[in-house]
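Here's what Swiss-Prot has on this protein:
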TRANSMEM  22-42  transmembrane segment
TRANSMEM  60-80  transmembrane segment
TRANSMEM  101-121  transmembrane segment
TRANSMEM  127-147  transmembrane segment
TRANSMEM  155-175  transmembrane segment
TRANSMEM  186-206  transmembrane segment
CARBOHYD  N224  N-linked glycosylation site
TRANSMEM  233-253  transmembrane segment
CARBOHYD  N256  N-linked glycosylation site
TRANSMEM  260-280  transmembrane segment
TRANSMEM  296-316  transmembrane segment
Amino acid sequence: MATAQSPTQLVRTLIDVSRFDKYNCLFAIFPGVWSIFLAAASRHADGVHLPSDWVLGRAGLAFAYTYLLSGAGMVWNDWIDRDIDAQVARTKNRPLASGRLATRAAIIWMLVQYAASVWLMDRMLSGQNLWTFMLPLTTGIILYPFGKRPTTRKLGIYPQYILGASSALTILPAWASVYGDSVAPPDLLAKCLPLCVFLFLWTIYFNTAYSYQDVKDDCRLSVNSSYVLAGQYVHGLLLLQAVAVVMVIPWILHENGSAWLWFSWLGVWTAALAEQLYLFDTKDPSTGGRVHRRNFALGIWNVLACFVELLLVSGSLDMF
């Protein structure tokens, strides 16, 4: 039975269940915003001028729709996992697990966020091919919590794989919003593929570290997670994942990457991931959370790096 709350308390609870009071949802905005800036830079390099206010408007729409879609996904995840969350130290006080929020209110809130996200993506795409992109994203959100079940482990599927694929899929509508009908779908996919692979691998890496915080409770409750794959060699698994992330960056940059992106992306990320691997300690699961926060900082850094790349390619830095 949900606890009776004042309107102010209910608003705070709804913010809490969507993680809008934390940085987690902001991970979802990185692929779309990076992609808007990189796609706009690519078009400028091809001689197509895009007004700066138009590009920033598209980036704002990408930010807003992914943020709200992530919030809706958080509610769905917590509703499916509410009985498990109630038995895990880190998650037992979440609104649905603790009984602070009724299921009906949570579902309504989730649908409101989802509807707003659909509308914003439609605006970003100028009404073109909305459900071509939204349906795969929605499918990923629905499947994600079920990836934590022991049954999916038998199939070799881990929740990080689903989360990584969902994250990578937000790249496609962002590039499509910038290129419109000027590029055929197969060519657009070819342009996006390196960045999609990068997002898939990076998400698996930082979420493996993040989920390791719950290793004791997860083992007790048989919760499926990618670190289960490695047993006691979790550090080695994170090393392999980090190396894979770094190795994909030259694939992204080899065609159009400037000296700035080679430094700000490949150089900074290589150093940052090395520092994270040094920081992570299998004997102290809380270090997984610290690694996660450092990856959030990397995501913010890359937003700035991609924006500077756009300014460099478009010649906008000449005014400074």
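Backbone N, Cα and C define each Cβ position, glycine as well.
For the recorded site, N224 (N-linked glycosylation site), the DSSP three-state label reads coil. Counted over residue pairs 6 or more apart, the CB atoms of the transmembrane segment (186-206) and the transmembrane segment (22-42) come under 8 Å in at least three pairs, which marks the two as touching. Among 101-121, 155-175, 260-280, 296-316, 155-175 has the largest number of CB pairs under 8 A with the transmembrane segment (127-147). Sequence-distant contacts of the transmembrane segment (233-253) (same chain, at least 6 residues past either end, Cβ-Cβ under 8 Å): 194-195, 197-198, 201-202, 204-205, 208-209, 212, 226-227, 261-262, 265-266, 269-270, 273-274, 276-277, 280, 282, 291. The listed stretches are 22-42, 101-121, 155-175, 260-280; of these, 22-42 has the most Cβ pairs under 8 Å to the transmembrane segment (296-316). For the glycosylation sites given as N224, N256, the lowest number of other CB atoms within 10 Å of the residue's CB is seen at N256. Long-range contacts of the transmembrane segment (260-280) within its own chain (CB-CB distance under 8 A, at least 6 residues past either end) are made by residues 209, 235, 238-239, 242, 245-246, 249-250, 252-253, 287-288, 290-291, 294-295, 298, 301-302, 305-306, 308-309, 312. With respect to their backbone Cα atoms, N224 (N-linked glycosylation site) and N256 (N-linked glycosylation site) stand 39 Å from each other. According to DSSP, N256 (N-linked glycosylation site) is assigned to coil rather than to any helix or strand.
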